[in-house]
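Pulled from TrEMBL:
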type	residues	note
COMPBIAS	1-12	compositional bias 'Polar residues'
COMPBIAS	23-35	compositional bias 'Polar residues'
COMPBIAS	54-69	compositional bias 'Polar residues'
COMPBIAS	906-922	compositional bias 'Basic and acidic residues'
DOMAIN	291-577	domain 'ABC transmembrane type-1'
DOMAIN	612-848	domain 'ABC transporter'
DOMAIN	944-1230	domain 'ABC transmembrane type-1'
DOMAIN	1271-1507	domain 'ABC transporter'
TRANSMEM	287-307	transmembrane segment
TRANSMEM	333-358	transmembrane segment
TRANSMEM	410-428	transmembrane segment
TRANSMEM	434-452	transmembrane segment
TRANSMEM	520-538	transmembrane segment
TRANSMEM	550-572	transmembrane segment
TRANSMEM	942-964	transmembrane segment
TRANSMEM	984-1013	transmembrane segment
TRANSMEM	1064-1084	transmembrane segment
TRANSMEM	1090-1109	transmembrane segment
TRANSMEM	1170-1194	transmembrane segment
Amino acid sequence: MDDFSFSRSGTHQPPPRRQQRRSSAFSTPDNSTSFAATPRRTPGRRGGALDDASWQSSVSWQPADTSWAQPHGLGAAVGPWAPAGSDAASRRGPALFRRTARDYYLSKRSSRMMMHHHRSSAAQQSRSVAAAAASAAGGGGKRLELQSVVTDASRALVVAPNTSFASNDDVIISTATAGPAAKAVVKYSDDTHYVSREVSFSRDNRDKLYVPPRRGRNDAPPSFGYDDDASATSYSRSQHYGGGVDEDDYDLDLDLDLDDDDGEIEVRVGKPVSLAGLFKYSAPLDVVLLVLGCVGAMVNGGSLPWYSYLFGNFINKVVNTDKSQMMKDVKQISFYMLFLAAAVVVGAYLEIMCWRMIGERSALRMRREYLKAVLRQEVGFFDTEVSTGEVMQSISSDVAQIQDVMGDKMAGFVHHVFTFIFGYAVGFSKSWKIALAVFAATPVMMSCGLAYKAIYGGLTAKDEASYKRAGSVAQQAISSVRTVLSFVMEDRLADRYAERLDRAAPIGIKMGFAKGAGMGVIYLVTYSQWALALWLGSRLVARGDIKGGDAIACFFGVMVGGRGLALSLSYYAQFAQGRAAAGRVFEIVDRVPDIDAYGGGGRSLSSVRGRIEFKDVEFAYPSRPEAMVLYNLNLTIPAGKMLALVGVSGGGKSTMFALLERFYDPTRGTITLDGQDLSSLNLRWLRSQMGLVGQEPVLFATSIIENVMMGKEDATRQEAIAACAKANAHTFVLGLPDGYDTQVGDRGTQLSGGQKQRIALARAIIRDPRVLLLDEPTSALDAESEAVVQQSIERLSAGRTVVVIAHRLATVRNADTIAVLDRGAVVESGRHDDLLARGGPYAALVKLASDSGRSSGDAGRKSPAAPAGAATAYNSFTDDSAVYDDMSSLSMSKPRYGGGARRTYPRGEAEEDGVGKTKDDASNSKVSVSEIWKLQRREGPLLVLGFLMGINAGAVFSVFPLLLGQAVEVYFDSDTSKMKRQVGALATAVVGLGVACILAMTGQQGLCGWAGARLTMRVRDRLFRAILRQEPAWFDEEDNAMGVLVTRLARDAVAFRSMFGDRYAVLLMAVGSAGVGLGICFALDWRLTLVAMGCTPLTLGASYLNLLINVGPRADDGAYARASSIAAGAVSNVRTVAALCAQGNIVGAFNRALDGPASKARRRSQVMGVILGLSQGAMYGAYTATLWAGALFIKRDLSKFGDVSKIFLILVLSSFSVGQLAGLAPDTSGAPVAIAGILSILKRRPAISDEDGSGSGKRRRMIKDGRPIEVELKRVVFAYPSRPDVTVLNEFSVRVKAGSTVAVVGASGSGKSTVVWLVQRFYDPAGGKVMVGGIDVRELDLKWLRGECALVSQEPALFSGSIRENIGFGNPKASWAEIEEAAKEANIHKFIAGLPQGYDTQVGESGVQLSGGQKQRIAIARAIVKQSRILLLDEASSALDLESEKHVQEALRKVSRRATTIVVAHRLSTVREADRIAVVAGGRVVEFGGHQELLATHRDGLYAAMVKAEVEAQAFA
């Protein structure tokens, strides 16, 4: 066993006494790491430890100057503090070191590997190797030096510290972050020689280079793979860190990608379920409805075959009897036909009503079960398997497809199946030979249908997958719309969205052509069957085997049955979509999570003391299993005590909370509560015992009282109010217009950060937890509120186990135990005084905290007198001297401007056009065809050709019954040879019609599908751009919540294609069929045609009512959208939902949002059943009247039998076209409402845009000089549009000189963040002006203005993608060097460099893979790289630890020198160096001046009180 001793002091630590005699020390240059090797020789092996592959060592080191540590150096791996002294610490040390050395590992290896390929190169080298091995124990001058590591040759060079290693050690390169061309340069040297070699490595040879821990003694060492020709090269880019690199070499074409892969579409596709499997969640009532629906479909579907049977009898009676007897027989047959019509009324009612109710009920149940199942899953599932966008796609789109299949499509399928069965029953009863011959061709029909299903189903799955990728971009952009607007990324994100749509468009085009070709082939096979039937029937009639009427009845029976089969097969495309959608939904519903939120198993302790223990815990997040976050963590938290966790960001503190809440289970080790493993306890019970307040408070889009009550399942309103009082929230809540019923908005956007934090704290308090978990609970509070909340926490701590995470050491000053975490391990623990006495990591943190707070604290105590005139030294910031008057006069009164607060935010100027004043108005507005045509005119040629093809297809449908009518007439020709010749010609013509169908339908569906796909893409593109064009206040409205807008993009946009694309072509097909048919009928017999047309209004009227019921305004759409919004909020904040055990509350609210539309849908189903039943009955009544009139005309010699049969067949088959028109209704249901809603957004002119200001030349020239810009707010009056009665800013005036820094301080909710929003013109004031560069912001180009502002907000918003992409978000043209330099300035570079994938590490959706501090620093880097002239910092360092804050403040200080800076902060130490400080209270500036000036001239003022409160809160002032 060889041991190493690591020291940061430049000299090695002595090994144990028993090994000192055998130690070999190798010293290194100053400020580097030294290694002392203590080899243990292996018996029987020459050279001692040459084959000893053990990696274990004893390690000790001390806190020292860390300035020597390079970004990727060994110092970064070891970290600033690490254990020393104890055996346990020594064992932990090397493991910690190896885990965190992301770019390379140190491993004890044989020196033979170094020269493995060079032993034969020269005898001198061989002797050098032997000498190195022989002199290892003697400490000769041999060295193995790691000169440099390049993790990706196409990017930056990583320079290691100038570190030397013993010659019998080698460097093993970890490939976790290796790019395709990664290299390492290693130099071996002794007193007289040196050899430098370059080693290439990549992910492909991981096994070759990676040395796993705990290797056995006999394991063969890996080959290092040196080649003779791999000579060292000189890297000119090694000066990259010194700034000497050519920037062009590193210029990045930053491709902001919001998903994981730009390659082939990959999507989670569940296994398609069977049709029967769709009903797996059916209730008993659904079974009853299913039976009744099948009975109704059987009656309705069998009506036409039996009508054909009666029609055959009618023909026999008309042809073969005398005219006097004919009318008696016709009267009897007409009675049977009318009886059948009455039965159809009942059957059609049952069919439509029952199946639609099945679809509605099943969809309702699936939506509920799906959301319930999603919220049931473990948190890790959302990290790796599913995104919010996918969940919303399933709820809004997948379930809608399943509903359509289980309702209308299943009804049509069963209907046509019974048509097929009864049709062939009639055919076999009349002539089994004809029926059997036609039926023999059925396998061909089935094969065509299956092929159609496979091709169309595959394209459908790809189409769904392709849009989900685009939908993910939209979902993230809308959810973080303020960040998007602030960084002027609307166009870039819209282009990214359009790019995703472009990829999906070809699939939609292919779907159209595939659908048309498939349907055309099915019609060809059907017509071919008819040709066969006609030809065989002519032979049988000629031989006298059957009568002509029976042959006609057989033909029609088999024809209707074959058509039923064809139409039933045509549903396979929809079934494929529905089954695939059900597969995706059921996969989640049926998934049993690893950590089941609904699991009833596990123990529930009768009483909880609260003792928590971590035993040898190791953990890595599922999304990054190779990056250990906690390593060998051992920690005990006594019952009823408070433990404070401190340390650098990313040390694993928040991860410990996630493990305590059982969001995840540890990779290794156990966590116990009162001695019981957490995994053995009931999960809901466990979480009910814990109250969690996270670093970024999450509120749901509901009222304040409901948000608080979510903390406890059976909470009362009184309990919620009491909890708010304890959390210091009661006062500000009562000050709101609606008090506790005030809506907080989507993600709590209507409240300030401090207000949200206090509501979240109240939500935890109401649970009365035994274990309280506080993750930065006061990070967003001002000093005064923090002191009050801290007192509340201390009161709550009595008798509870409290674990608190804080970067502000003042927060944890009274903790019973303080544990310092660093890189996943506890490096120090104890009480405050004990830890200070040790002089370790905690003492360093304390010193840092004392340094940061000393200046403000000293100033607060000394209060030096100000020079004369100091109070008026800076009077130019306001024209209202009364601002400094008596503070008691401040109130929240309404402004003196008439109605000023109410006109703060005018609605979009679309109101001037009478469009879309509200969602309901938009829903009820009429859709103008001209507006649609403007969107679709680019596809005009395609649509015209498609419509012409549709008319041709409709003409085929009318010519076909003409040929059949001609065959009916020919069948009664006495000349059998002539009859057979004519029938043969007619059969050939029928086959020709089938070929024409292929051409016409392929052209019609393909061209219209092409146009429809492009139209849908354009509508989505324009809608998304229009959404991003709106002002932020528009998104605050409930009707424009994220879930609603995402649904509009995903589902409503398809309505354009459904209504005006391929479905519109089908409408023209029906019109073409009816027009050609009527023309033929008038040519044959105008009298009988007029009679038929007189009956037609009955059919068309009923069909029109059916369409009106379907496509009329649907008020429940809004309710579905509200339900989607609830689901989106819950899924995007699933951690909060899980911690609160609020799944039941969320599902309950979701169910209540669905109850209203579900009830309306049931009533609509019943009404539709009645109307469709009457329409079907009227249709058969019209047929019967036509036949009876035809018989009467024949009797009176006014018409011929052949003409009557032709007119009747054309009437029947043309009505099928009208039936197709009626069949459009389910697919276009709600389309006018959806289209009107989209058009209202497209036409809406935002209240804040470039259109309301010229934004041109003169202004740009005035502020285009590149220097910092002055910012001024003059007598600003403002109220948020959602709460117009609450004046946030009242006569607010402040001036920020160019290049200066002004800090805005005040209590939470005083309007500080509002100043930031107004400067960026997210809102316009009701009164006064916001000036930038001396110009009203309303006259400036909006994008230019926001482009000149760099924002770091209180809650940073990151996007799914890599760290590099998120930093580059601030400047798409930034080079790699600029991105890395920004990361260094934000003190995040070391952390990124230590990740397995470096800057390419995926941050997860909304940055969930990072801690709060890490996200904040990335947001700061994003703002730095923007290089704007106005810097807006809204609590920019609230989530940072003290060390990071120190570095970030220094970086921001550098940036602020070249920018005009506005700082919003609660922490006064953050703003003490600001040029001026504006103290805000009551919506106006009450004090203004420098730090010392305010303390001197306003000793009893508000700022002095704030300073005093913070000084008293400092634990170590």
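Placed from the backbone N, Cα and C atoms, the Cβ positions cover glycine too.
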| Are there 3 or more C-beta pairs under 8 Å linking the transmembrane segment (550-572) with the transmembrane segment (287-307), counting only pairs at least 6 apart in sequence? | yes
With the greatest number of Cβ pairs under 8 Å to the transmembrane segment (333-358), the stretch among 434-452, 520-538, 942-964, 984-1013, 1170-1194 is 1170-1194
*Given the cut-off of 8 Å on Cβ pairs that are 6 or more apart in sequence, determine whether the transmembrane segment (434-452) and the transmembrane segment (942-964) share at least 3 such pairs.*
no
Model confidence over the domain 'ABC transporter' (1271-1507), as mean pLDDT, sits at 83
Spatial neighbours of the transmembrane segment (942-964) not adjacent in sequence (6+ beyond its ends, CB under 8 Å) are 527, 530, 555, 559, 936, 986, 989-990, 993, 996-997, 999-1001, 1003-1008, 1010-1011, 1061, 1064-1066, 1068-1077, 1080, 1206, 1209-1210, 1212-1214, 1216-1217
Residues outside the transmembrane segment (984-1013) whose C-beta sits under 8 Å from one of its C-beta atoms, at least 6 past its ends, are 505, 508-509, 511-513, 515-517, 519-521, 523-528, 530-532, 534-535, 538, 936, 939, 942-943, 945-947, 949-950, 952-953, 956, 959-960, 963, 966-967, 970, 1056-1057, 1060-1062, 1064-1065, 1069
